[in-house]
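K.L.:
First the structure, then my questions, so here it is.
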């Protein structure tokens with residue numbers, strides 16, 4: 001017990017910050033630097049242990065190669081990457097609001113998780129502020145429109161006559177309405193009916209299902225294929241023979257949001273054959289409606305369901321339900337995070353996997369493994385239809401398609417196997 005009381009414990013709370021400051025000072029003096037990072041031809045002198053501790057991407061680079069020179073190509077400016085690496089020493093990062101998405105993309109590529117979290121929080125905060133401002137503007141517009149409606153109702157109440165009905169009153173009551181107003185309303189109704197019958201085509205009459213002017217329906221175009229949507233080309237306009245009114249369960253939330261915003265979103269050129277009925281009974285294209293307020297257009301369309309989103313954070317939250325990963329650079333989605341990381345490396349032009357024999361570089365580890373089969377002579381990919389084997393998986397797929405006429409996922413039945421063996 002006496003020996004334990006002689007032990008003194010010291011805790012240096014500022015040790016980490018002091019060490020980083022001294023390491024940054026050594027970096028500025030180019031002392032003990034063991035690696036040079038080239039970001040779009042901009043050099044950054046640093047220490048591998050510091051960079052590897054802050055960036056998973058840099059750690060993998062240092063494990064794959066022992067070179068003292070690492071080259072990184074990013075689509076953002078070199079200043080963005082340089083500041084990200086500098087933050088490994090300073091523990092601070094200054095980001096302009098308009099460049100927040102650039103830093104988020106570059107930090108995602110360098111796999112600097114702590115910076116990605118901060119940028120995501122800041123981005124969500126600013127987007128919520130913008131959304132609240134737009135909602136306030138929309139509320140003001142709604143209030144002004146409600147005021148106009150109330151004024152119209154008050155004016156209409158002045159022309160109405162209140163009739164009290166008692167028990168002694170006869171069953172058939174004659175309501176005394178001004179004759180001139182009755183004639184005017186009747187003539188206006190006849191004119192509106194004839195105008196609608198003249199403007200409405202036979203094709204659109206088949207689509208009309210008795211809905212009121214303010215009701216919302218969704219037109220489902222069955223003739224449009226996925227390839228046509230991606231290419232933005234459509235063979236013909238939407239007609240009644242190709243369109244049907246339906247309300248699937250997957251679109252309930254979309255219908256609710258459409259009712260709240262009173263906005264219809266039609267992607268690409270599909271709106272060339274769609275028509276909407278105005279309040280006066282005339283027909284106009286959807287383009288004319290969308291031109292009234294382009295700020296409410298849905299910029300992000302979910303690839304798995306018909307949902308569309310205006311803001312990035314809502315779109316990202318929705319993709320988590322489908323277990324999808326989004327590339328912030330081009331908007332492409334992936335089912336696995338490793339495929340997203342490989343895709344981002346393709347954007348940046350980075351080939352982190354290098355062959356130790358010929359020093360050739362690759363974007364994916366699987367491609368490097370196939371390449372190593374050339375040096376080792378291994379042929380691990382075997383055809384289940386015959387006895388041939390291949391070094392590369394792509395060669396096996398090509399063999400199955402050209403020789404056996406089937407994909408790699410298909411398997412032969414027993415009669416087919418016997419026939420192949422006889423051949």
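Note that the numbers count up from 1, one per residue, in the order the chain is shown.
Here the Cβ of each residue, glycine as well, is placed from N, Cα and C on the backbone.
Checked Swiss-Prot, it gives:
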DOMAIN    33-97  domain 'BTB'
MOD_RES   201  phosphoserine
ZN_FING   300-322  zinc finger
ZN_FING   325-347  zinc finger
ZN_FING   353-375  zinc finger
ZN_FING   381-404  zinc finger
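Describe the structural context of these features.
P.N.:
Per-residue pLDDT, averaged along the domain 'BTB' (33-97), amounts to 90 for this model.
Packing against the zinc finger (353-375) from elsewhere in the chain are residues 64-65, 342, 345-346, 391-394: each is 6 or more residues past its ends and has a CB under 8 Å from a CB in it.
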K.L.:
Cβ under 8 Å, sequence separation of at least 6 from the ends of the zinc finger (325-347): give me the contacting residues as numbers and ranges.
P.N.:
75, 101, 104-105, 108-109, 111, 300, 303, 315-316, 319, 363-364
K.L.:
Per DSSP, what is the residue tally for the zinc finger (300-322) in helix, strand and coil?
P.N.:
11 helix, 4 strand, 8 coil
